[in-house]
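Taken from Swiss-Prot, the feature compositional bias 'Low complexity' applies to 428-437, 507-595, 638-660, 684-699, 761-771. Taken from Swiss-Prot, the feature compositional bias 'Polar residues' applies to 442-488, 596-637, 704-720, 733-760, 773-806. If you look up Swiss-Prot, you'll see N47, N169, N195, N277, N318, N328, N378, N443, N603, N635, N662, N837 (among others) marked as N-linked glycosylation site, on the strength of sequence analysis. The feature region 'Disordered' is assigned by Swiss-Prot to 423-810. For 1-839, the entry in Swiss-Prot reads topological domain 'Virion surface'. The topological domain 'Intravirion' annotation in Swiss-Prot covers 861-886 and is backed by sequence analysis. The transmembrane segment annotation in Swiss-Prot covers 840-860, and the record cites sequence analysis as its basis.
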Amino acid sequence: MEAALLVCQYTIQSLIQLTRDDPGFFNVEILEFPFYPACNVCTADVNATINFDVGGKKHKLNLDFGLLTPHTKAVYQPRGAFGGSENATNLFLLELLGAGELALTMRSKKLPINITTGEEQQVSLESVDVYFQDVFGTMWCHHAEMQNPVYLIPETVPYIKWDNCNSTNITAVVRAQGLDVTLPLSLPTSAQDSNFSVKTEMLGNEIDIECIMEDGEISQVLPGDNKFNITCSGYESHVPSGGILTSTSPVATPIPGTGYAYSLRLTPRPVSRFLGNNSILYVFYSGNGPKASGGDYCIQSNIVFSDEIPASQDMPTNTTDITYVGDNATYSVPMVTSEDANSPNVTVTAFWAWPNNTETDFKCKWTLTSGTPSGCENISGAFASNRTFDITVSGLGTAPKTLIITRTATNATTTTHKVIFSKAPESTTTSPTLNTTGFAAPNTTTGLPSSTHVPTNLTAPASTGPTVSTADVTSPTPAGTTSGASPVTPSPSPRDNGTESKAPDMTSPTSAVTTPTPNATSPTPAVTTPTPNATSPTLGKTSPTSAVTTPTPNATSPTPAVTTPTPNATIPTLGKTSPTSAVTTPTPNATSPTVGETSPQANTTNHTLGGTSSTPVVTSPPKNATSAVTTGQHNITSSSTSSMSLRPSSISETLSPSTSDNSTSHMPLLTSAHPTGGENITQVTPASTSTHHVSTSSPAPRPGTTSQASGPGNSSTSTKPGEVNVTKGTPPKNATSPQAPSGQKTAVPTVTSTGGKANSTTGGKHTTGHGARTSTEPTTDYGGDSTTPRTRYNATTYLPPSTSSKLRPRWTFTSPPVTTAQATVPVPPTSQPRFSNLSMLVLQWASLAVLTLLLLLVMADCAFRRNLSTSHTYTTPPYDDAETYV
């Protein structure tokens, strides 16, 4: 123990002052010891030295408390006492108080050291030294000096008991040296007519603790809480002792025979465990007023010491989330508040949260003069020129890992950092990514130009499935061609799984829409993997691209004669004079093609929000116009029930026993003034008040079928079944995420400086930073919560009627176009799908006939059974539906 004084790396000084009488024990509170957070095996080896003066001679008593385990035990006795009397270990206690605080308690009426005869009156306590060695081997020391020497006079304390004290059935509980009890009492006068004074005494096991009110009394008791401070004998705790007197009776309603009711709460400290569980709390109080003569009253309560572990013993911690790209990540630890450029003694430690081996997991420790510590794996660090300390971690894998970092300066001021490192998943998206300034990086694989519009809140998502690029809409891109996938940096929060991709400004038509689609004669294989999530909507852009399709998982009826392996429904080709027969009808379920299941999909999930898919799927090129409008649908969750319809359906459900999810939406109106041309096509939505309509025949959505992301494992952010989500007015340029309802708080992923592409979150919430913004438009949502159900209409569109959902929609083709206040560019007329319409009508009436026949059979069966039941003779009432007998 003598050598311990030489290895103290950090020392805390304190001055101890004893107040009033000696209660029979000395208590020294020791603050700011480092109990590391997120570490169940972080122990501390604690020793103490008690320095006495015996007739001018120094005497040391060394105590060994062993290893402290703050998560399992709160009270410790010395394992050994060196230089003390035989029973010295029974005279000391070390107790954890919570928040990194300790309390060392020693009996004062018994001597812990051996003395000679005649020295009994000459033993004084001078100081106390506590040595705290943490799991990193750092020695923390606390030196507590007595302001005045405290003489230990051994004596026998007689047993004290107060008579004429009313007993209560309330127990006073002591936790971490703090007593807390609430007692009912009565006073002869009401509030405002009474004063109040109180004192307490705790007796037991040769300990006598007295506490008195600091100001003597409350001169006037007021309605409500009357707070006061109290002072207890012995050591004054850094946590003040006090009490609260509260009137519980109405002002003019005394309790017969007792007076007015009050509630008294007392919280004295420190209360030593040396009292024992057989000790008693005595409360003496008085209340005198001008209208009644008062007197002294006494109530008593038993005291019990709790073995409950106190509130968190861990040091306060700052939490930071870091999402990084690549193989390593760096975190900079700033100087502590009391540190300057000349501080000579700085220590930085780091360990992974919840380690299981104290022999190998606590090797990462750096000082200003030390080099790279041995045994520190996956973590490296160095002091920078500005005194910050940069910690670099590597080889962490894909799962998030938590690193606990502490930094301590010369005066033992310590800050703790909890850093959660999360590696961004590998991206397969073709969308541009963000750099550290928030600008979209250009597409580097296809060489397509990126938009000149600078987004301020866009982040390329992590996607495990194929997507299609929308960086250039001047010419269709074969679906097998993907844009360069760059590392992405979304925070791995469940709120960030909405698909976001870069789309150019497409408010004007492209220059290549008059040329035939290169691959219009045959479906182009998009990818070799089926896309399970084919219900992602497209948002609000109004420019066409060449021969593209929108995923339509909600097929209206199965058709055996599918002429192409395309699993998605085709959009009508505009400007033709004859029906297009490329694909007669979409498959019932877009998640698994029923025809040509082994063939590659010709159109993968369209993840372009505000753009269009670039995969041509039309089987024959149109003559006059080569554009099939797919992106003016304004975030329609599911397609219409006919591949040639240009009018909104009047009925939201069909007879098809489809297992798809979103079967209640409809297509917006297209208008046309061009007789043959198809250039300058703009979709508009008719002005109409939207309401919610949910189909009763559509099954509940299966997991993963309405996701915005194309790969498995991405949480769904698309609209719910039966929902039409249409943007109002002109959509914002380069919108890359679904729209949120008005008033919904928008959570926006942000960009951090980690690796130039980190996206930080804190506590599972999004944080806003550089490159983030919040939409001010009432019907837009840049981000959103993927876990929040969105069942709404948030723009103008034709609504599905609330009539029967078992009828086929009425198809109209010759009605004049309905326009809105928006500027519209006409759309060329289309031919009527007579043969397709006729077959649908036949199927409709056939289905109705089958349903009618089934209904008649059920009615006949019910009548037959009822006739049979009435032919029997009952000796007791039959308990039929008409009457019940009791």
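Glycine residues also receive a Cβ, built from the backbone N, Cα and C atoms like all the rest.
Taking CA atoms as the reference points, N47 (N-linked glycosylation site) and N277 (N-linked glycosylation site) are 27 Å apart. Counting other Cβ atoms within 10 Å of each Cβ, the lowest count among the glycosylation sites N195, N378, N837 belongs to N378. When the glycosylation sites N169, N195, N378 are compared by Cα distance to N277 (N-linked glycosylation site), the shortest distance belongs to N169.
Candidate glycosylation sites: N47, N169, N277, N318. Fewest other C-beta atoms within 10 angstroms, N169.
N378 (N-linked glycosylation site) has its Cα within 10 Å of the Cα of these glycosylation sites: N328, taken from N169, N195, N318, N328, N837. Within the same chain, the residues at least 6 positions away from N328 (N-linked glycosylation site) whose Cβ sits under 8 Å from its Cβ are T392, V393, S394, G395, listed in sequence order. For the pair formed by N318 (N-linked glycosylation site) and N837 (N-linked glycosylation site), distance between Cα atoms is given as 66 Å, rounded to the nearest Å. Of the recorded residues, N837 (N-linked glycosylation site) and N169 (N-linked glycosylation site) place their C-alpha atoms 86 Å from one another. Cα of N169 (N-linked glycosylation site) to Cα of N195 (N-linked glycosylation site): a span of 26 Å.
Under DSSP, N837 (N-linked glycosylation site) is assigned to a helix (H, G or I) in the three-state scheme.
Reduced to three states, the DSSP call for N195 (N-linked glycosylation site) is coil. Confidence annotation: the topological domain 'Intravirion' (861-886) carries a mean pLDDT of 56 in the model.
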